Amino acid sequence: MHRFPESLSNTRFVPTQLTLSLRQLNARSSSRCHPKSDNDDNIHRREDNQGAPLHLYKSKGQHILTNPRILDSIVRKSHIKPTDTVLEIGPGTGNLTLRLLQAARKVVAVEIDKRMVEILHKRVSEMGFEDQLTVICKDALKTEFPQFDLVVANIPYGISSPLVAKLVYGDKPFRSATLLLQKEFARRLLANPGDSEFNRLAVNVKLVADVELVMDVSKRDFVPSPKVDSSVVIIRPKAEIPDVNLDEWSAFTRTCFCKKNKTLGATFKGKRKVLELLRLSRTTCSTESANNDDNYDCSNDAAADDDNEEVDSDVVYCYSSSCSDTQLNVFKDKIIGVLKSGGFEAKRPSKLCNKELLHLLALFNQAGIYFHDQSKPRVRDADNIELAAAFSS
């Protein structure tokens, strides 16, 4: 469910309902919201003597952005060209959409809430922009996006991780994505090796894109006020990305960052990990024709940055019964040998840059050690995007 930005004018935040009309939605607002009880999850908005109230659910990320300065700044910082098609995720009632329509040739808005779509169409029609707007009333994580030049959106916290994964690892090229995100999530995207926030999210995004902080946004600029502040970032896909199999990279970073502050030597010496890599490496080496397509498989993110390695215990047990202690020890020595050859045994993933991680992965692969099961069919990320929910863990 998306968070829905809209303008407020001459409104006050009262215990039971928020009352404003569609005419008020078109006005610029300088009003501030005041904290409300977490138990009061429904915010009611009534049109003047018309229809039933519209419920905004705080628990579903429906927070109304009230600060026009922030909205104007988002559009300005996005550097929209008059010839651009802009993709907006979660337009809500269209406060940001109307600003985008004034700057771009076309806006494609993906909105899951039919009630919001009706209001959006009405507002856009009143402003005379209906020919420039295309609305897709579907879940943004489950629909295929049309071609676009830019993404500009106020992203609900709950889908930030899989949506970022879908954008940066998707098959639709774009110039940049200006996103309003939870501040903590944004800091993870921006984190560098050695930072406390640095994790697998930053590693995977930085492989294919650059991230820039635009500004922070106070929680007081939303109605109802969320518990955390937000930040606006711009994500720009890199013109060139390293020549690496992205499925293999994803599985490799999952292994390294399962305990990011643990030394790589300690991570790779565990019997379960040795068994898993031995099985995967044998499977890969025996595969007659490896698929070299570099489409990103978001299902590999299901165990991202977990404190516990998620390896199928039954598979490990069955495979261990077919391996002798001698075979395991030989393969374990091979793994440690790779780590020592590159000087990685005592290093921690949380302090390694992408260049170092790519070098280590190359050393493993050259030694015949693989992290991704090439015998499994590949599935497009657009079809399994929900599995990327752990992308930022």
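We number each residue from 1, going along the chain as drawn.
Any Cβ shown, glycine's included, is placed from N, Cα and C.
TrEMBL annotations: computationally assigned, not manually curated.
According to TrEMBL, the features are:
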- H63, L65, G90, E111, D139, N154: S-adenosyl-L-methionine binding site (BINDING)
- 35-47: compositional bias 'Basic and acidic residues' (COMPBIAS)
- 70-239: domain 'Ribosomal RNA adenine methylase transferase N-terminal' (DOMAIN)
- 25-47: region 'Disordered' (REGION)
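Features recorded in TrEMBL, as mapped to the structure shown.
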{"residue": "H63", "record": "S-adenosyl-L-methionine binding site", "Cβ neighbours (10 Å)": "26"}
{"residue": "L65", "record": "S-adenosyl-L-methionine binding site", "Cβ neighbours (10 Å)": "24"}
{"residue": "G90", "record": "S-adenosyl-L-methionine binding site", "Cβ neighbours (10 Å)": "26"}
{"residue": "E111", "record": "S-adenosyl-L-methionine binding site", "Cβ neighbours (10 Å)": "26"}
{"residue": "D139", "record": "S-adenosyl-L-methionine binding site", "Cβ neighbours (10 Å)": "15"}
{"residue": "N154", "record": "S-adenosyl-L-methionine binding site", "Cβ neighbours (10 Å)": "29"}
